[in-house]
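Have a look at the structure below before the remarks.
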Amino acid sequence: MGLEAARELECAALGTLLRDPREAERTLLLDCRPFLAFCRRHVRAARPVPWNALLRRRARGPPAAVLACLLPDRALRTRLVRGELARAVVLDEGSASVAELRPDSPAHVLLAALLHETRAGPTAVYFLRGGFDGFQGCCPDLCSEAPAPALPPTGDKTSRSDSRAPVYDQGGPVEILPYLFLGSCSHSSDLQGLQACGITAVLNVSASCPNHFEGLFRYKSIPVEDNQMVEISAWFQEAIGFIDWVKNSGGRVLVHCQAGISRSATICLAYLMQSRRVRLDEAFDFVKQRRGVISPNFSFMGQLLQFETQVLCH
């Protein structure tokens with residue numbers, strides 16, 4: 001199906017819609033940029049669209065199957081197909097018009113699937129002229145802020161900024177996602193630092209680190225050692241379920257092990273891979289940019305590669 005029926009929407013017009021609560025509720029905004037770009041900054045109302053080599057191959061399938069891959073939320077797809085949404089708006093990095101889109105680009109593929117699946121209903125399908133770059137310049141107040149680097153907590157515990165402390169204990173926990181933080185056992189023992197980050201739950205990925213504040217935070221323990229014999233992948237779904245539970249309850253979770261290098265980093269990588277449907281190398285680069293010391297052991301990396309196959313082929 002061609003894209004002749006796709007309308008084009010100006011950035012200022014989208015801003016007007018998103019500032020109206022009623023119209024914002026009836027607008028589905030889909031961001032086709034790479035995952036790392038989305039996480040750095042995005043329109044607050046937007047949903048990321050997964051895209052990888054496997055999805056590129058599946059994009060040659062029936063429109064309904066393509067839409068299921070690019071919009072995994074079944075309830076949202078149902079609302080869309082039933083015509084309960086007034087409009088679906090697709091955006092990329094900065095394309096000025098639909099005519100500029102390559103046929104194999106995620107924005108082109110998604111627009112085609114949306115047009116086909118909504119053809120009998122009232123939902124209008126739009127492409128945002130100028131993409132995120134244009135919208136960010138026009139309506140910066142409707143975009144998320146780039147994550148700030150973690151700062152050493154102030155107060156009595158000065159060891160976090162002490163150059164004598166191990167590098168993995170310096171600074172504070174780092175924000176991976178707005179509700180997901182990664183750090184070390186030392187970070188998990190700093191009450192002031194946890195409160196400064198808004199932490200409400202702690203996922204302890206170790207067999208030896210204590211849970212310091214059980215009366216203040218919700219804890220979950222994954223009692224594994226950091227060695228080549230451990231099957232950490234057996235814990236992936238339980239850990240992912242806990243993180244999602246914290247997210248859905250409006251909280252924030254710190255994932256830590258002893259040093260915040262191998263075990264807890266592995267759990268965060270698995271979470272990103274499944275929740276965002278991205279490859280291991282993409283998730284690794286994303287986390288590495290935020291916590292440069294991460295280094296899952298060789299066995300954990302192998303298990304993550306196997307998990308990647310499961311996630312992307314699901």
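Each residue, glycine too, has its Cβ placed from N, Cα and C.
Each residue in the domain 'Rhodanese' (23-144) has a pLDDT score, and their mean in this model is 89. Residues or ranges marked as domain 'Rhodanese' in Swiss-Prot: 23-144.
Positions annotated as domain 'Tyrosine-protein phosphatase' by Swiss-Prot: 172-313.
Among the features that Swiss-Prot reports, active site, phosphocysteine intermediate is placed at CYS257, with the record citing sequence analysis. According to its DSSP assignment, CYS257 (active site, phosphocysteine intermediate) is coil. Remark: CYS257 (active site, phosphocysteine intermediate) has SER184, CYS185, ASN204, VAL205, SER206, CYS209, ASP226, ARG263, SER264 as non-local neighbours, by Cβ distance under 8 Å and separation of at least 6 in sequence.
Counting residues per DSSP class in helix, strand and coil order gives 57 helix, 20 strand, 45 coil for the domain 'Rhodanese' (23-144). In the domain 'Tyrosine-protein phosphatase' (172-313), the DSSP tally of helix, strand and coil residues is 69 helix, 20 strand, 53 coil.
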